[in-house]
Amino acid sequence: MATVNSNFLKLQSNYLFADIARKVTAFKNANPDRRVISLGIGDVTRPLPPAVIQALHKAVDEMGDATLFRGYGPEQGYAFLRDVIMQYDYKVRGVTLAPDEIFVSDGAKPDVGNFQELFAQDSIVAVTDPVYPVYVDSNVMAGRSGEIKDSQWSRIVYLPCIKENDFVPDFPAVRPDMIYLCYPNNPTGTVLSRAALQGWVEYARREGCVILYDSAYEAFITEADIPHSIYEIDGAEEVAVEFRSFSKTAGFTGLRCAYTVVPKALRISDGKSGSVSLNALWNRRQCTKYNGCPYIVQRAAEAVYSERGQSEIMGIIAGYQRNAAMLRTAASEMGFAVYGGVNAPYIWLRVPDNTDSWGFFDRLLQQAGLVCTPGAGFGISGEGYVRLTAFGSPEDTEEAIHRLRSLC
């Protein structure tokens, strides 16, 4: 009989959002006449912008024309998309990249989960706490976690992000090899100032670490002094990989397109006396394990950068931002301590003192038909909080606020 990779047996039996879905399904089955409003999983609700739909239609028609048909594309992404990414996401912010430092994919989640494959198995990983579960689980699968004790892994370094430090992590006491940072943050909705991000870049340069920087929510930044890219910080190209997504920016959660930036200046030890390029290694990995994002999807992503596309997605994002502002204001008026929601689509809500995260989740679901995400599902430091998302419709957001008020 074949033998399992035992690291997979260390994983919790269920993924956080699968647990939530199971509870919600049970509630709906028991209460078929009650309409449930979800402020839980961070999926968008607005349809794709018309400019994107038009580009999709055109690309589909091309695939039906023998003279225009495209088969396998470049694993790294088509030049037409990499060029506009380089121009509109980076050059306009004073960041210089080469097209071959951009790798287009079918999602930031697989890229974030897979990039750790390039590092030695005994590499030390640091994550913020609370944390997006993929950062931890992918390293558990890779055999880097050690053993679980008191809900934390023995070989993973946790960096608490709590009220007392304004949700900005302190530098780790133990030097890690890989540092996962996500800003604007999921789940807390908080951000790093330019000075704070510069501090992390300087730390990584000093200690020889690599920052894996997830900026999937950068389009929601409203404050001028908050960096949109880690490469706005001098020297970051030598210590950081950046993950970007079209999912929340342009509603691509069901279409799937993202990209990862791996600067050619970024090198790590070869385990001997030399160093190797992470750009070259990621390119090699992708050529072996990935056949590229579909042509029609990349044409749709290209349309996001058109003048019409930018206008349309900015309108959609503005709607989600209004939802976040409504949730923040209403929750504050109800007496909740509220964080995030200014530069991100997430609200981090402190639950009443007499309950815990899952208890408050159950109360909202059972008494108000509302779905949130329990903070404890993101780590120890998330206990006592829940995450609310602003991705609903304005009408559902207003109704959710009304239901929440009825409990207070």
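Using N, Cα and C of the backbone, Cβ positions are placed for all residues, glycine too.
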In Swiss-Prot, the pyridoxal 5'-phosphate site includes Y72, A108, K109, Y132, N186, Y217, S245, F246, S247, R256. Which of N7, N29, N31, N291 does it also list there? N291
Give the number of CB atoms, excluding that of K109 (substrate binding site) itself, located within 10 Å of its CB. 19
Note down the number of other Cβ atoms within 10 Å of the Cβ of N291 (substrate binding site), including every protein chain shown. 12
Show me the subset of G42, N291, R387 whose Cα is within 10 Å of S245 (pyridoxal 5'-phosphate binding site); these are the binding-site residues I mean. none
Reduced to three states, what secondary structure does DSSP give K109 (substrate binding site)? helix
In sequence order, which residues at least six apart in the same chain have a CB under 8 Å from the CB of S247 (pyridoxal 5'-phosphate binding site)? V44, G107, A108, A216, T253, R256, A258
